[in-house]
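Colleague: Quick paste of what Swiss-Prot says about this protein:
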DNA_BIND  6-65  DNA-binding region
COMPBIAS  73-86  compositional bias 'Basic and acidic residues'
COMPBIAS  125-139  compositional bias 'Basic and acidic residues'
REGION    73-99  region 'Disordered'
REGION    119-139  region 'Disordered'
Amino acid sequence: PNGCPRRRGRQTYTRYQTLELEKEFHFNHYLTRRRRIEIAHALCLTERQIKIWFQNRRMKLKKELRAVKEINEQARKDREEQEHKIRSSSSDDGSIGKGVGIPLDASLLKSNDSQSVSLNHLTHKSPDGMMDKTPKSII
């Protein structure tokens with residue numbers, strides 16, 4: 001009535017469309033225009049819908065990776081705090097606690113970063129013993 005165009009409602013995708021879009025995203029986070037046209041035609045969606053779905057999916061992935069990083073940082077801080085408590089509660093004779101008599105193992109005090117998920121340094125050895133630096137999935 002006041003001359004403003006009405007905003008479109010939220011797009012809902014069928015399970016099949018979502019599955020196909022997720023499969024494509026698994027292999028490619030970015031689409032060429034040609035591939036976007038192909039997918040739009042195959043799923044009976046517009047190019048714009050495909051483009052926006054991929055933009056939203058990339059933002060979702062970015063948010064998930066940020067959450068994983070925060071969890072790892074918190075785990076590292078918690079581990080360092082525990083190690084500090086162990087160090088400060090150990091007595092002069094190298095045992096943990098008062099009169100417990102359990103020898104303190106120095107290897108327990110070292111940071112164990114292998115429990116953290118590394119986002120940047122996921123490397124694996126290939127069968128020939130060379131390092132393969134291709135990124136591996138963390139999920």
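Every residue gets a Cβ built from N, Cα and C, even glycine.
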Colleague: Counting by DSSP secondary structure, give me helix, strand and coil numbers for the DNA-binding region (6-65).
Modeller: 43 helix, 0 strand, 17 coil
Colleague: Per DSSP, what is the residue count of the compositional bias 'Basic and acidic residues' (73-86) in each of helix, strand and coil?
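Modeller: Here the numbers are 14 helix, 0 strand, 0 coil.
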